[in-house]
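Engineer: According to Swiss-Prot, the record shows the following:
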type	residues	note
SIGNAL	1-28	signal peptide
DISULFID	CYS32-CYS48	disulfide bond
DISULFID	CYS36-CYS50	disulfide bond
DISULFID	CYS41-CYS55	disulfide bond
Amino acid sequence: MASLRIAPLALFFFLAASVMFTVEKTEAGIPCGESCVFIPCITAAIGCSCKSKVCYRNHVIAAEAKTMDDHHLLCQSHEDCITKGTGNFCAPFPDQDIKYGWCFRAESEGFLLKDHLKMSITN
């Protein structure tokens, strides 16, 4: 009798897992999975950003952009990132069809080199 009660629950979990893994493999326009109305994207660590109050993958945002002003992290050169104040490095996507890059900060190596050079001059 207990197995009859558990069977519908097991079927529900199986169907939910099937849908979840099917959606995870498609990257086109599917959002990363959460809304960013009140809080930022939780999935930012795996490459998601907020656009129109929904979290999308970064390469999807860049591929669908008509201009650089569609998202604050889109760029075509390092100067664009510095001008917008969103970083100092414009990284292009591996896909050649995407004409915009993504801004991020890349300062740690520069600071280490600058500190090393300063140390070697004073000694």
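Placement of Cβ uses the backbone N, Cα and C atoms for every residue, glycine included.
Help me see these features in their spatial surroundings.
Structural biologist: CYS48 (disulfide bond) has a Cβ environment of 23 other Cβ atoms inside 10 Å.
Sequence-distant neighbours of CYS36 (disulfide bond) (same chain, six or more apart, CB under 8 Å from its CB) are CYS50, LYS53, VAL54, CYS55, listed in sequence order.
If you draw a 10 Å sphere around the CB of CYS41 (disulfide bond), it holds 21 other CB atoms from the protein chains shown.
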Engineer: List the Cα distance (Å, whole number) between CYS48 (disulfide bond) and CYS41 (disulfide bond).
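Structural biologist: About 7 Å separate the Cα atoms of these two residues.
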